[in-house]
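Each remark here refers to the structure printed beneath this line.
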Amino acid sequence: MTTRTSPAPAGLLRPSLHCLAFAVALGSAGAALAKDVTWEDIANDDKTTGDVLQYGMGTHAQRWSPLKQVNADNVFKLTPAWSYSFGDEKQRGQESQAIVSDGVIYVTASYSRLFALDAKTGKRLWTYNHRLPDDIRPCCDVVNRGAAIYGDKVFFGTLDASVVALNKNTGKVVWKKKFADHGAGYTMTGAPTIVKDGKTGKVLLIHGSSGDEFGVVGRLFARDPDTGEEIWMRPFVEGHMGRLNGKDSTVTGDVKAPSWPDDRNSPTGKVESWSHGGGAPWQSASFDAETNTIIVGAGNPGPWNTWARTAKGGNPHDYDSLYTSGQVGVDPSSGEVKWFYQHTPNDAWDFSGNNELVLFDYKAKDGKIVKATAHADRNGFFYVVDRSNGKLQNAFPFVDNITWASHIDLKTGRPVEREGQRPPLPEPGQKHGKAVEVSPPFLGGKNWNPMAYSQDTGLFYVPANHWKEDYWTEEVSYTKGSAYLGMGFRIKRMYDDHVGSLRAMDPVSGKVVWEHKEHLPLWAGVLATAGNLVFTGTGDGYFKAFDAKSGKELWKFQTGSGIVSPPITWEQDGEQYLGVTVGYGGAVPLWGGDMADLTRPVAQGGSFWVFKLPSWDNRTASR
């Protein structure tokens with residue numbers, strides 16, 4: 001039984017960080033002929049099958065492919081085409097979604113590494129290994145979730161709070177920008193996003209920051225992809241100042257920040273937590289070109305302790321901790337907030353709001369079509385929000401036994417909380433408050449691992465988990481570089497027969513159409529295809545395929561280590577390929593209490609696997 005009340009020390013997360021940044025070019029003559037990636041290529045990523053150019057497999061992040069050469073009738077013949085090992089002792093969690101461009105796979109790995117591989121053979125073309133300092137502060141393993149590509153460059157973030165642009169053909173550094181102090185806990189784990197501002201016509205590189213568990217102020221950035229120069233920065237704590245073209249622009253929300261308590265004895269006039277209030281947008285953004293809006297999740301407030309963000313003797317419901325634990329619509333021209341919807345006001349449970357925002361056409365019960373976002377939150381509720389204005393359209397639970405709220409009020413958009421679910425402060429003379437049993441726990445009904453949406457079935461395929469936690473308050477004060485939580489916890493089982501639950505959800509009725517249970521937590525993303533298939537990976541190392549309509553398991557392959565990444569698919573030379581990054585790690589083994597014990601037997605790893613139908617059997621591959 002394991003109890004953790006703070007992130008694992010940085011030194012425990014890495015065998016060695018004395019590595020040189022380098023690029024090894026192998027076969028650069030052929031790579032030099034590769035075409036540049038245009039905005040039109042990226043805008044049509046979800047419709048074209050030869051490349052995968054965006055995190056989410058398109059600007060709408062649906063993770064749906066029109067490919068159907070591999071289908072429910074022949075997937076049982078799916079066979080490994082090749083695998084590539086990331087090598088050396090640097091394993092840990094491998095959460096990367098690969099991208100594919102012009103026959104080259106770009107896949108990031110733990111410890112801020114990036115590999116370019118021949119998509120057909122797995123031959124390494126080049127490697128970039130970022131030099132990391134000893135004092136990085138990753139909360140949840142040394143992961144990286146992917147890269148972006150545009151023009152002749154590939155971009156990714158690093159654990160020392162930097163963004164790097166590499167020549168996509170050679171791996172050589174084009175530019176490198178530091179955006180924050182890694183010693184204070186800032187990192188970058190999410191894949192950047194490429195968007196085109198509909199007003200100015202400029203193509204922008206959008207990225208966020210990580211570090212809410214260390215008391216950072218979350219920030220979203222826009223950069224010139226050619227030079228790396230910052231165009232704007234938007235903080236996600238109310239009352240903090242943004243930047244535009246290198247100068248102060250506007251504060252986020254109300255300059256007086258009424259959603260955070262005042263403190264007349266503080267130099268800022270606000271409580272300590274306001275200066276370290278979190279809200280980090282550490283996942284990748286989606287982009288709605290029709291309304292010219294960047295849509296991204298905002299992280300949990302800092303600290304986790306609700307009473308540190310509530311006036312003494314006050315009610316947490318009077319202090320929402322804006323703009324945290326919600327989804328934000330941002331103007332790409334200026335970085336101004338266009339709209340905000342908060343999933344968990346004054347979030348007391350580290351539910352965050354960073355899970356992906358999937359853009360889709362929502363057909364309401366009255367037949368009206370709404371251009372919407374879909375979001376399965378860590379708090380256990382599934383949200384459908386009008387992406388033109390941030391107004392709630394529908395909300396329902398997607399996991400069992402939610403304790404903290406009974407439902408979401410569709411008129412007010414706010415949760416209806418249950419009494420006693422905000423853990424109380426310690427009694428006088430006590431270090432810890434009374435523990436409360438909460439579900440979902442802070443790791444969520446679903447965490448960062450992205451769901452998929454099928455344009456054929458109209459269903460969302462959600463990689464959920466059933467678990468709970470004992471949760472209690474502790475004393476908290478800010479120290480640079482130290483965990484800023486004010487809470488203790490122990491995660492526990494909910495059911496004896498499973499933790500993971502892959503669920504097909506109807507976004508209109510809120511009903512579970514089918515469910516597949518897994519013994520271990522699900523931490524991999526999901527892919528849906530026109531072949532009536534759904535793919536995901538499991539904690540015990542299986543890459544699996546399911547019938548999208550019935551949920552029947554049709555195929556599986558043991559990769560040798562747990563899978564905690566989103567799969568992809570593409571077409572090359574008339575053949576459909578599927579790829580997935582393999583290597584167990586991430587937050588569960590570090591923070592997961594009883595769940596960490598459950599997953600301890602899983603071997604670590606670091607590799608990329610590619611599958612296809614046997615070439616000799618493409619014409620006859622059917623039952």
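Any Cβ shown, glycine's included, is placed from N, Cα and C.
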Swiss-Prot Ca(2+) 2 site partner of N300, D350, selected from E213, E427, E437: E213
From C19, C139, partner that Swiss-Prot gives for the disulfide involving C140: C139
Other same-chain residues whose Cβ falls within 8 Å of the Cβ centroid of D45, T48, D51, the recorded Ca(2+) 1 site, in sequence order: D41, I42, N44, D46, K47, T49, G50, V52, L53, G58
Going by DSSP, how much of the region 'Disordered' (413-434) is helix, how much is strand and how much is coil, in residues? 0 helix, 4 strand, 18 coil
Across all protein chains shown, the one of the binding-site residues T48, N300 with the most other Cβ atoms within 10 Å of its Cβ is N300
In whole Å, how far does the CA atom of N300 (Ca(2+) 2 binding site) lie from that of C139 (disulfide bond)? 13
How far apart, in angstrom, are the most distant Cα atoms among the pyrroloquinoline quinone-binding residues E95, R145, T189, H207, G208, S209, R378, W523, A587? 22
From the recorded positions T48, C140, D350, pick the residue whose C-alpha lies nearest to the C-alpha of A587 (pyrroloquinoline quinone binding site). C140
Compute the C-alpha separation of D51 (Ca(2+) 1 binding site) from E95 (pyrroloquinoline quinone binding site), stating it in Å without decimals. 20
Among the recorded positions listed here, D51, E95, E213, D350, whose Cβ has the fewest other Cβ atoms inside 10 Å? D51
